[in-house]
Amino acid sequence: MLESGQESGFAYYIRGYEKMKCGKGSLGKVKSNKYILNHILPVLILAVCSLCLLKRSFYSFSWSDESFYLTVVHRFWLGERMIVDEWFFTQVWGPLLLPFYALYRFITGGNEGIYFYFRILYWIISTLTAWCTYDKLQKRHSPMAGLVCALIYYLYARANIGGMSYYNMTLTWTLAATLIIYEQVYAEKLSKKKLYFAGIFLAFAVVSTPYLAVPYIAINVYLLIRKKYHCFRYGVFSVIAGTFSVAVVYAGYILYKSPLHEIIQSIPHILNEPEMQHAKDINFLLTPAVILIRIAWRYKWTIGIWTVLMAYIWYKKRKNALFTGTETAVLTGINLVVFIGNSFLSNNMLGCINIAVVLFAVPVIGIFQDSLSLDRRVLGVFGTAGGSLVLAFSFSSDTGLDAMAIGFVLAGMTAVLLLFELDVLQKEKVIFGMVVFACSIMIFQTAMLRFFSVYRDAPISQLNRQLTSGVGKYLFTTKEHAEQYDNIRAAIEEYVREDDQVLYTQNCFWGYLCTDNAYGTPSSWRMPFNSPRLEEYYTAKPEKIPTCIFVLNPAYGDFESSLIQGNEKEEFPNENKIEGYLADYIRRHDYEKIELECATIFRSRSG
């Protein structure tokens with residue numbers, strides 16, 4: 001609901017258009033052109049981007065991350081239990097997708113087209129979020145600043161995964177909460193209801209990326225104990241109340257499904273996950289240094305110049321000395337050249353250029369902005385949110401700068417908002433042009449990577465075969481991958497019995513989505529046949545030993561990332577060694593062996 005004196009986004013544009021029509025002669029024409037430039041054009045740009053992203057949703061069928069997220073939700077929908085039955089850490093955000101998944105199953109009765117459904121769902125959510133970002137920020141700042149910020153978010157998806165990954169949704173929930181809080185720091189009276197919803201969104205973000213709880217708790221404690229923020233105390237309590245409400249429901253879901261003693265027994269097994277081992281080596285105090293080192297290494301060819309530039313600006317500021325016209329021209333020119341270099345160094349990682357824009361903004365703000373007049377509300381809200389995400393993903397992900405770039409979406413927005421607040425932009429066309437140029441390069445590069453890069457399938461020009469049935473229905477992939485997909489689906493339909501517990505070894509997560517069979521694995525994520533995790537799991541849960549095991553052809557699921565991820569390529573993602581605990585078990589229990597072109601199937605004779 002709108003508060004008194006507020007108006008909806010559509011009413012805002014209608015009122016503006018009516019005012020524009022009231023102009024007379026040349027003055028009216030100038031007003032008309034200005035209105036079109038400031039309000040109509042941004043909406044058209046967002047609309048075009050929306051259509052491009054909708055079109056892009058049809059392309060690529062990844063056998064990797066995107067299907068894994070869906071298999072976790074599918075497992076919970078089948079009735080298997082969080083923590084007790086599933087032993088991979090990222091399961092914690094699965095319940096957030098469960099209502100969307102259950103709705104799809106209720107409507108369609110199956111999983112056909114489930115990939116595309118979640119891509120369209122994310123497209124709708126991200127479109128609404130981008131529109132809200134533009135609408136809120138263009139009113140508080142300027143249409144151009146609002147548009148750039150909206151596009152920074154809208155055109156970003158970590159590794160160009162178009163579905164509802166926990167990376168994408170952590171960013172979306174955090175941005176939604178940030179917009180609400182940012183609006184409230186300017187409000188004459190705090191809205192407890194809005195801040196309560198901000199707390200709900202932040203709870204969703206923490207559930208999606210649990211390490212975000214560290215900065216979340218630290219920030220709330222800081223705001224509560226500092227006297228200068230006592231006026232926001234009730235607002236902070238409203239945020240905490242929203243978060244607590246979600247926590248109660250979430251804990252209730254877990255405890256309803258699983259006894260507490262079983263949860264406690266399972267937690268050590270989850271923490272023993274090999275891909276979680278990097279978290280044990282985290283030194284929280286050293287994390288900021290690690291972040292700086294990663295950024296410096298990415299921009300190792302330019303970071304020295306940037307450092308000298310910043311040192312000179314700091315020296316002048318320290319002496320309270322004014323910059324001469326020549327100094328300003330030289331410093332801004334060097335800064336622009338460094339940014340151009342950084343943009344080239346960012347071009348193989350989606351969102352990395354947001355870091356380059358932050359590096360560009362700092363010297364510009366340092367030259368032209370008095371620190372006392374800096375809008376600390378922008379830094380305090382957007383800057384803190386961005387920094388929190390950078391820290392959280394540094395803790396939680398082993399993908400380095402790629403995951404950290406998520407936080408730099410909000411950090412990039414911070415830089416843009418501060419840049420467009422500079423008075424010099426109204427006076428110096430050259431400086432204004434530099435800022436617009438940098439923002440344009442950032443948006444252009446992000447758009448090109450978002451529209452044309454591909455994660456773990458093949459270059460987009462090769463995605464010319466549309467899948468016509470099954471979980472990947474409607475999506476385009478290569479002819480070879482489509483044939484592999486059809487062969488595996490046919491084998492699953494023929495050989496997986498209704499009461500089987502299934503295991504698809506190594507890299508065929510989407511196989512679990514093809515049937516409603518129970519999972520015979522601690523996790524659907526990259527489970528080799530000889531994994532020590534299987535012995536650990538089956539020793540604790542002998543009832544979960546699979547009765548049907550697919551060992552895929554090593555060449556099936558081969559992929560190539562295009563334009564991103566260092567153009568990684570894997571020709572044999574499903575290599576396996578038939579040895580270890582599971583191999584001994586199937587020999588002892590005389591499993592039948594079925595040799596197919598797409599896979600070798602081991603199946604219990606007793607079912």
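Here the Cβ of each residue, glycine as well, is placed from N, Cα and C on the backbone.
Features reported for this protein in TrEMBL:
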TRANSMEM  35-54  transmembrane segment
TRANSMEM  87-107  transmembrane segment
TRANSMEM  113-134  transmembrane segment
TRANSMEM  141-159  transmembrane segment
TRANSMEM  195-214  transmembrane segment
TRANSMEM  234-256  transmembrane segment
TRANSMEM  320-341  transmembrane segment
TRANSMEM  347-366  transmembrane segment
TRANSMEM  378-397  transmembrane segment
TRANSMEM  403-420  transmembrane segment
TRANSMEM  432-452  transmembrane segment
Region pair the transmembrane segment (432-452) / the transmembrane segment (35-54), three or more CB pairs under 8 Å: yes
Within-chain partners of the transmembrane segment (378-397) [C-beta distance under 8 Å, separation at least 6 from its ends]: 167, 170-171, 174-175, 177-178, 181-182, 185, 209-212, 214-216, 219, 279, 282, 284, 287-288, 290-291, 403-404, 406-414, 417-418, 421
For the transmembrane segment (320-341): best-contacting stretch of 87-107, 234-256, 347-366, 403-420, by Cβ pairs under 8 Å: 347-366
Cβ-based contact of the transmembrane segment (87-107) with the transmembrane segment (195-214), 3 or more pairs under 8 Å: yes
Dominant neighbour of the transmembrane segment (234-256) in 35-54, 141-159, 195-214, 347-366, by Cβ pairs under 8 Å: 195-214
Contacting positions for the transmembrane segment (347-366) when only residues 6+ beyond its ends and CB under 8 Å are counted: 152, 156-160, 295, 298-299, 306, 309-310, 313-314, 317, 331-332, 335-336, 338-339, 374, 401-402, 405-406, 408-409, 411-412, 414-416, 418-419, 422, 431, 434-435, 438-439, 441-442, 445-446, 449-450, 453, 563-567
Surrounding residues of the transmembrane segment (403-420) on its own chain - C-beta under 8 Å, 6+ positions past either end: 137, 141-142, 144-145, 148-149, 152-153, 156, 158, 167, 170-171, 174-175, 178, 291, 294, 349-352, 354-355, 357-358, 360-362, 364-365, 369, 374-375, 378-379, 382-383, 385-394, 396-397, 435, 439, 442
